[in-house]
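Noted in TrEMBL for the protein shown:
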- 23-513: domain 'K+ potassium transporter integral membrane' (DOMAIN)
- 525-783: domain 'K+ potassium transporter C-terminal' (DOMAIN)
- 58-76: transmembrane segment (TRANSMEM)
- 149-168: transmembrane segment (TRANSMEM)
- 188-207: transmembrane segment (TRANSMEM)
- 219-239: transmembrane segment (TRANSMEM)
- 265-284: transmembrane segment (TRANSMEM)
- 296-316: transmembrane segment (TRANSMEM)
- 336-363: transmembrane segment (TRANSMEM)
- 384-405: transmembrane segment (TRANSMEM)
- 417-440: transmembrane segment (TRANSMEM)
- 447-468: transmembrane segment (TRANSMEM)
- 474-491: transmembrane segment (TRANSMEM)
- 512-531: transmembrane segment (TRANSMEM)
Amino acid sequence: MQSIVSSKQVDRRYQCKDVLLLSYQSFGVLFGDLTISPLYVFKSTFSGKLRNYQSEDVIFGALSLIFWTLTFLSLFKHVVILLNADDNGEGGIFALYSLLCRHAKFSLLPNHQTSDEELSTYHDPRYSYKNPQSSSVKKFAERHKKAKTALLLLVLFGTCLVICVGFLTPAMSIRSSIEGLKDRSNNLHYGVVLVIACLLLVGLFVLQHRGTYSVAFMFAPIVILWSLSIAAIGLYNILKWNPRVYKALSPFYIYTFFRDTGYDGWISLGGVLLCITGTEAMFADLGQYTAASIRLSFFCIIYPCLVLQYMGQAAFISKNFDAVSTSFYASIPDALFWPVLVMATLAAIVASQSIISATFSIVKQCYAIGCFPRVKVVHKSKWFRGQIYIPEINWVLLILCLAVTTGFRDTNHLGNAYGLACMSVTFVTTLLTGLVINFVWCQSLVLALLFVIFFGSIEIIFLASSFVKIPKGGWIPFVLSGIFMLIVYVWHYGSRKKYLYDLHNKVSMKQILTLGPSLGIVRVPGIGLIFTALVSGVPATFTRFLTNLPTFYRVVVFVCEKTVLVPYVPQKERYLIGRIGPKSFRMYRCIVRNGYKDVQKNEDDFENDLVMSIAEFIQLEAEGCGTLEGSVDGRMAVVRTSEKFGKRLEISELERNGEASSSMPPTILNSSKSHVLQYLQSTYEMESPEFTLRRRVRFKLQQDMTYKDLNVKDELSELVEAKQSGVAYVLGHSHIKTKLNAPWLKRFLIHVAYSFLRKNCRAPAVVLNIPQTCLIEVGMNYYL
């Protein structure tokens, strides 16, 4: 009994250490933007006519508004409530949408299969997936496609706003931190400050391709030191200038604030809301940490430090109102000015890096569900799967950052745009969370409405105040998010029409079966991978290829890569393998299931995993495994390494970095390629740089394995020989056209908008990491 108690104590000790470690690391990723807000909150709040109200009660009222806004929207809503609405540990707008789609029939993604619901990450034991008392709202939304479309549009609008925050945060944070130079040196020209800010922004974005994991260990100490510094400065100002400032924490001062200022006070709320900028990052980046670690950091360090700093600034302003536009740097003791300026700049860079990474992540998620043009996603860390880099988005953010930084001479206009974008994202999150409370947490509709009404009404008040400032910079997030929404809609519309065309023009299995084992063509050694968006049937690309060239590879695999509304799909459950036609056809179907946060693997790992999965399927099929499920094409199975049957194939390292391995095993099955072709291919691969880093392996059958059915051994042997002969990737090269009688709006969307996006985004082969030497493209005309 004593040993059991001691083991529990050890486990609890290890859990505490893990929470403390994650809490420490979270400072460098989650809280940079939130802790940099004191640089500009009071300046933006008193930027308008509120400067005419120089009484202590007005200043205390502004502080009370800041305190309770930070308490209600950051502490209660996000830290206490919203961190519980995670999707397998992941947070953000898409996590909420994913939860809703899995608990109700809200998804508009094509190719959904019943087997997707058997994924281990699909169901969360904390939530009930079978609610016998479905609400009328849920039933209505499930029956009406317009309601599902409205939900998706809300999510995509929130995504576009996050992209806007992605370029406004670096511009606002870095420029506000650098402006301390101008505040201290009156002779310093405005252009010098602007050039320094632009140089820092350029350096920040240029270095994105190197990844942040190499310097991420420095982020947490910077933010912790910065937070403690602003807390100490705040406490110093409280004691020096106005110890009575603690009275401003009473909500009574909010009443006196609006009583004295009226309409001018309401307009100033656009500056008050800047105190919660960065709060969404706590939820969006939840996947890298835990709710317990984030709460520990926020309750113990971030929240008290911010409250002390805001109180200290209010105390300073109450006695030095003329310095309200430079209150942060003006309140710093002279001996500490330069160290604090350096820390502020470093903290601003950390805050900018966090939101840039979050922007990359949400664009990747939007692209994964087919609502964003094809972009190249680069995985920058082999240890942290969430760290990605998207070159196209990086340069767009840089251009927009420089544009708003140089375009606005006054940071107050930049703050208007920034605050409006952040509060709009927060309001979208509130609406989605209300649905999660009712549909996912299975709470009453009344409780969900209370949540939306309470927090939503606060956010609407802030938004209404910010709308007045649309002519003064607030138009930026709406105009740019509108442009992004147009891009998203056009891409989704064109992709949807293209998929429906493929679905209506697929080849029936009856036609395939009438061709015989050889398919009426010459079969050559090798594996042909035909990529298609269909999970059943044979795509028209295949018949188009055979019409022009009646020759194809001995082994044919129809590959469908699709996204399941879960953050990650375990590697063991990723491949769903099936057979098309009789065994003699050697035709298979492979459905590759990815989560919305999964990153594309390189082609070598994909080829090897695919061959092993097909071999496992052949083995399971021969043994008559009960896990195979029926389909229109044949029997399907989720394949993984099975200890019950054992591996029939072995993988050995053949070549890496262009140098042959000295331990290369002898060839088990000879390739049917001629020696001349093999020599030419090896010479080309040695001279071509794209092959120098490829991982080359060789498959072989286990010699000591017994086979009940010799046909299984023959099929596996053909599979191994085909792999050694080479793998070719067959993609459809589509030419999109509209029908002659199509409406003018449809012709514009397809011929102009969608065609422009297709020509200027990444090619499918680049996104799938397919080498050009293995690529075959088949021209197809699509009449939409």
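Heads up, the Cβ atoms here are built off N, Cα and C, so glycines get one too.
Annotations in TrEMBL come from automatic prediction, not curation.
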When you scan the chain for residues with a C-beta under 8 Å from the transmembrane segment (265-284), skipping those not six or more beyond its ends, what do you find? 29-37, 40-50, 53, 58, 61-62, 65-66, 69-70, 73-74, 78-79, 82-83, 91-93, 162, 165, 169, 257-258, 294, 298, 306, 310, 351, 354-355, 358, 361-362, 412, 415-416, 418-420, 422-423, 425-426, 429, 461-462, 465-466, 468-469, 474
Checking distant contacts: for the transmembrane segment (417-440), what same-chain residues at least six beyond its ends satisfy Cβ-Cβ under 8 A? 44, 73, 77, 81-82, 85, 93, 96-97, 99-100, 103-104, 127, 131, 135, 137-138, 151, 154-155, 157-158, 161-162, 164-165, 168-169, 172, 270-271, 273-274, 276-280, 283, 404, 447-449, 451-452, 455-456, 459-460, 462-463, 466-467, 469-470, 473-478, 481
Let me check one thing: do the transmembrane segment (474-491) and the transmembrane segment (149-168) come into contact, meaning three or more Cβ pairs under 8 Å with sequence separation of at least 6? yes
With pairs restricted to those 6 or more apart in sequence, evaluate whether the transmembrane segment (296-316) and the transmembrane segment (58-76) have 3+ C-beta pairs under 8 Å. yes
Suppose I define contact as three or more CB-CB distances under 8 A, residues 6 or more apart in sequence; do the transmembrane segment (384-405) and the transmembrane segment (58-76) meet it? no
Looking only at the domain 'K+ potassium transporter C-terminal' (525-783), mean pLDDT returns 75
Using a Cβ cut-off of under 8 Å, list the residues of the same chain at least 6 residues beyond the transmembrane segment (219-239) that approach it. 24-29, 31-32, 35-36, 38, 212, 245-246, 301-302, 304-306, 308-313, 315-316, 331-333, 336, 340, 343-344, 346-347, 350, 353
Quick check for me: are there 3+ Cβ pairs below 8 Å between the transmembrane segment (336-363) and the transmembrane segment (58-76), leaving out pairs under 6 residues apart? no
Sequence-remote partners of the transmembrane segment (188-207) [C-beta within less than 8 Å, at least six residues beyond its ends]: 170-171, 174-175, 178-179, 181-182, 345, 349, 352-353, 356, 394-395, 397-398, 401-402, 405-406, 409
